[in-house]
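Enquirer: The feature active site, proton acceptor is assigned by TrEMBL to 424. Residues annotated as domain 'Acyl-CoA dehydrogenase/oxidase N-terminal' in TrEMBL: 68-179. Among the features that TrEMBL reports, domain 'Acyl-CoA oxidase/dehydrogenase middle' is placed at 184-277. Taken from TrEMBL, the feature domain 'Acyl-CoA dehydrogenase/oxidase C-terminal' applies to 289-439.
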């Protein structure tokens, strides 16, 4: 039927993306088989039954530099979606505080709903670096909406990585399509950076867990369908924490009023409250007592994701500032002819490239289970979110008074990026993690 053909065409980009990913995975497995034969014998390359995708080592102001042809294709798909579907609506989503469900589901149809979840149950199966590239591109269209999509992706990965087969089979297809939306519930009114001291409890009674407590600053809270809740099922400290999946509509699950924020207005933020909330014991993700570990592993990727959102906002802000100073005239000359403008753009661009290098390096380290991955993710999150916020602030300054008007997107990039230095672990905590690693015996 015509309707079915239209649906098939809508899914085509995501299907093509999936085929590309599977093709690359086959090449990777073949490389592992042939690599031992090639070591020490460069002539053996001529006998390879395939051609490995070319890799580059350069990262530049152009975010496509240093990427493979396949990654560039994925990036273009995300950029086009950001420019056509997100950017024209960014201001109205912010002003009216709209949660753009339909647009996010359209993004999911392209494969962006569960980017680095495995393909077994419907994830896209891409790498952490691929995910960073996607979120950087999408955030140029709307940083706030992309940040929520990145949190949703983190939740999908946690279920895919630590859930049992039944849980993965039930939830990954729905999260990958964004038929269902997910929220990550760790922070509490009395437990922010000291997450191991959380007080939300889950007491086992028969085959049920009874949850009591509250979570604060939950992205999507009240509007989303699935809540991954870190709660205390055992003793004090991190080892007594479990990860429990709670569905919206469960008796005893309630929400606070919608928070009024300076940014991130396209995603609702509320307290999530549990009052004798009963969920089946089988809703525990992973093992009992593994919740803190699951939460931290999720955040390692979340830190790369949110830093990537900062990269996209900074890239868009520099480009907007460069365009503005070329046309804005003072003292009879365009602002671009003044050394002050030139030096500021040079500094901003250098800091952006340095930030991108750190983020992409950390994404690769996390993908490869590098022993310093946690430290590198902390470095990338701390450095990129701070430098990119400063870049956007400088871009606003180059706009002069116009930058303070809501007609210009740079002010929204500024408001939406400020919180990146607070969430997914404050930048103060990032410094602690880095220093702990450096000072370890």
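Glycine residues also receive a Cβ, built from the backbone N, Cα and C atoms like all the rest.
Where the annotation comes from TrEMBL, it is an automatic prediction and has not been curated.
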Enquirer: Tally the residues of the domain 'Acyl-CoA oxidase/dehydrogenase middle' (184-277) by DSSP class, grouping H, G and I as helix, E and B as strand, and everything else as coil.
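Expert: Output for the domain 'Acyl-CoA oxidase/dehydrogenase middle' (184-277) reads 6 helix, 47 strand, 41 coil.
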Enquirer: When a 10 Å sphere is centred on the Cβ of residue 424 (active site, proton acceptor), how many other Cβ atoms does it contain?
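Expert: Around the Cβ of residue 424 (active site, proton acceptor), 29 other Cβ atoms lie within 10 Å.
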Enquirer: Within the domain 'Acyl-CoA dehydrogenase/oxidase N-terminal' (68-179), count helix residues (DSSP H, G, I), strand residues (E, B) and coil residues, in that order.
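Expert: Result for the domain 'Acyl-CoA dehydrogenase/oxidase N-terminal' (68-179), in helix, strand, coil order: 87 helix, 0 strand, 25 coil.
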